[in-house]
Amino acid sequence: MAAGKSKIGRRVARHLGVPFTDTDRMIVSEHGPIPAIFESEGEDAFRAYERAAVARSVGKRSVVSLGGGAVLHPDTATLLESATVVYLTVSAEVVRSRIAGSNRPLLTDGIESWERIFAERRPTYERLATATWDTSRLPISRLADEIADWARGRI
Ligand SMILES: Nc1ncnc2c1ncn2[C@@H]1O[C@H](COP(=O)(O)OP(=O)(O)OP(=O)(O)O)[C@@H](O)[C@H]1O
Ligand SMILES: O=C(O)C1=C[C@@H](O)[C@@H](O)[C@H](O)C1
Ligand SMILES: [Mg+2]
């Protein structure tokens, strides 16, 4: 969470001249704010909406920014096995300020929740990654340039 998927993904798509989709935004436009979905319908309902949004997005010539937990669904993990997956990392030290004041429903204990969730998901992220960038030190613009250069010709 807060590694830069949405901000960097949008710029990468612009550089590549392909459509951009952010599955969190799709869910919000179709079902309302994410915290409200978690509160009134629960995480399982959110994951089902997310799985559907990912299934409609992945596999086209485009850039898709996923929610941090999208890989938890086995169908999504299977879809990503045949996609070009950029895994963005960030250190706990740096992410602390990025998540301050955030309304991500799973971050009930701030950085402690972030670290626990990251440790649980890390093997899955690493398994599905085609390439990895750490976003802790470089600006968004530089990361987007590098990733777009790498992705050109691959998608
Ligand atoms: N390389 C970076 N340097 C500094 N700030 C960054 C960088 N990348 C992202 N940020 C900032 O971190 C915050 C989170 O970024 P963003 O929303 O793109 O993350 P995300 O991975 O999409 O998070 P989520 O898991 O909630 O979807 C934003 O405020 C963004 O401006
Ligand atoms: O990592 C997660 O589980 C989440 C990340 C966000 O992008 C949203 O998809 C939601 O807040 C859940
Ligand atoms: Mg995002």
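Placed from the backbone N, Cα and C atoms, the Cβ positions cover glycine too.
Small disclaimer: the values here were computed from a predicted structure and weren't measured.
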Have a look through R61, R104, R116, R121 and flag the one TrEMBL assigns to the ATP site that A2, A3, G4, K5, S6, K7 belong to. R104
Given the binding-site residues D24, R47, G68, R121, find the one whose Cα is closest in space to the Cα of A3 (ATP binding site). G68
Fill in the CA-CA distance, D24 (substrate binding site) to S6 (ATP binding site), as an integer in Å. 9
Measure from the CA atom of G68 (substrate binding site) to the CA atom of A2 (ATP binding site) and give the result in Å, rounded to a whole number. 8
